[in-house]
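Asker: Below are the structure tokens for one structure; questions will follow.
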Amino acid sequence: MVRIAINGFGRIGRLVLRVALSRSNIEVVAVNDPFITTDYAAYMFKYDSTHGRYAGEVTHDDKHIIIDGKKIAVHQERDPANLPWGSENIDIAIDSTGVFKELDTAQKHIDAGAKKVVITAPSSTAPMFVVGVNEDKYTSDLKIVSNASCTTNCLAPLAKVIDEAFGIEEGLMTTVHSLTATQKTVDGPSHKDWRGGRTASGNIIPSSTGAAKAVGKVLPQLQGKLTGMAFRVPTVDVSVVDLTVKLQKETTYDEIKKVIKQASEGKLKGVLGYTEDAVVSSDFLGDSRSSIFDASAGIQLSPKFVKLVSWYDNEYGYSTRVVDLVEHVAKN
């Protein structure tokens, strides 16, 4: 049984808890968030505007949230170094704050007594792993790892399949991305990203993303071959990647579909999906896969130039991969 703790009880932290509770080999021991009390933690876990009410029983006492009779300690520490991970015998701390995402800051969990750390955000210093793509490169000496971003988790499996079959010369990615907590409900100050300060619910907002470049970190053969940008749009969840690539080998769109379908039914089953249905974004709410290729949405201009479209639940799919990575780290 792997004993885990979750630091940061936001969108990803709460969904990671939902997913972890469904795994028989994981015990969630504690959550930490300096901004919430146990009664509020129970409320936020029980009710979810996007993914619906939790199906089980959720209560609380002064020091715990109690889910289906299972007590989970709630801490309110701002500094992870002060958390009781040692006395609670935590195997893996999951940091979903978006704050402690580099090796030096995530080290605070190790200093507090956790054996290992999984960061639920891209990191410029911690090694990044995408389940289905490069988790086999993980070695037990790595104490702190990153699960990359939701968009990298969508793009990387698709890029891996295409590159292995046809070779990617170069490519541009656009993610049409649902709004997130970093955006504003009305126009407000956002000094680093002026456009990002505009009303989230009423605008399509161009934004930067490192997701495509990060693919080069998990698939070194694609280093320098991909870059991308984002449009933030007024949907609450589910996003879609548009990958436009120049291939090394000539092919047909039917052959591309065949290769992706085979991968989705084989080694990438559960990570990469495939559909030919006339789907829209809400059809993927709660989908646990990282990337669902939309065969009827893509187009081909010439034998080496194609546009590929793949959907992802940027909350639930990503949270599922976080727990998958935790399991992989624990076993290896």
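Backbone N, Cα and C define each Cβ position, glycine as well.
So Swiss-Prot has the following annotated:
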ACT_SITE  C150  active site, nucleophile
BINDING   R11, I12, D33, R78, N314  NAD(+) binding site
BINDING   S149, C150, T151, T180, T209, G210, R232  D-glyceraldehyde 3-phosphate binding site
SITE      H177  site 'Activates thiol group during catalysis'
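Help me picture these features in the structure, burial and contacts included.
Answerer: When secondary structure is read from DSSP and collapsed to three states, C150 (active site, nucleophile) falls in the helix class. For C150 (active site, nucleophile), the same-chain residues that are 6 or more apart in sequence and have a Cβ closer than 8 Å to its Cβ are S239, Y312, N314, E315, G317, Y318.
Taking Cβ-Cβ distances under 8 Å and a sequence separation of 6 or more, the neighbours of I12 (NAD(+) binding site) in its chain are S96, T120, E315, Y318, S319, V322. Classification of I12 (NAD(+) binding site) by DSSP places it within a helix.
DSSP assigns H177 (site 'Activates thiol group during catalysis') to a strand. Residues within less than 8 Å, Cβ to Cβ, of H177 (site 'Activates thiol group during catalysis') and separated from it by at least 6 positions along the same chain comprise T151, S207, T209, A230, F231, R232, V233, S239, N314.
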Asker: Inside 8 A of the center formed by the CB atoms of S149, C150, T151, T180, T209, G210, R232, which other residues of the chain have their CB, for the recorded D-glyceraldehyde 3-phosphate site?
Answerer: T175, H177, A211, A230, S239, N314
Asker: Would you mind checking how many other C-beta atoms are within 10 angstroms of the C-beta on T180 (D-glyceraldehyde 3-phosphate binding site)?
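Answerer: Around the Cβ of T180 (D-glyceraldehyde 3-phosphate binding site), 18 other Cβ atoms lie within 10 Å.
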Asker: Give the distance between the Cα atoms of R11 (NAD(+) binding site) and T180 (D-glyceraldehyde 3-phosphate binding site), rounded to the nearest whole Å.
Answerer: 9
Asker: With the cut-off set at 10 Å between Cβ atoms, which of these binding-site residues ends up with the most neighbours? Options: R11, R78, R232.
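Answerer: Per the Cβ count, the most surrounded site is R232.
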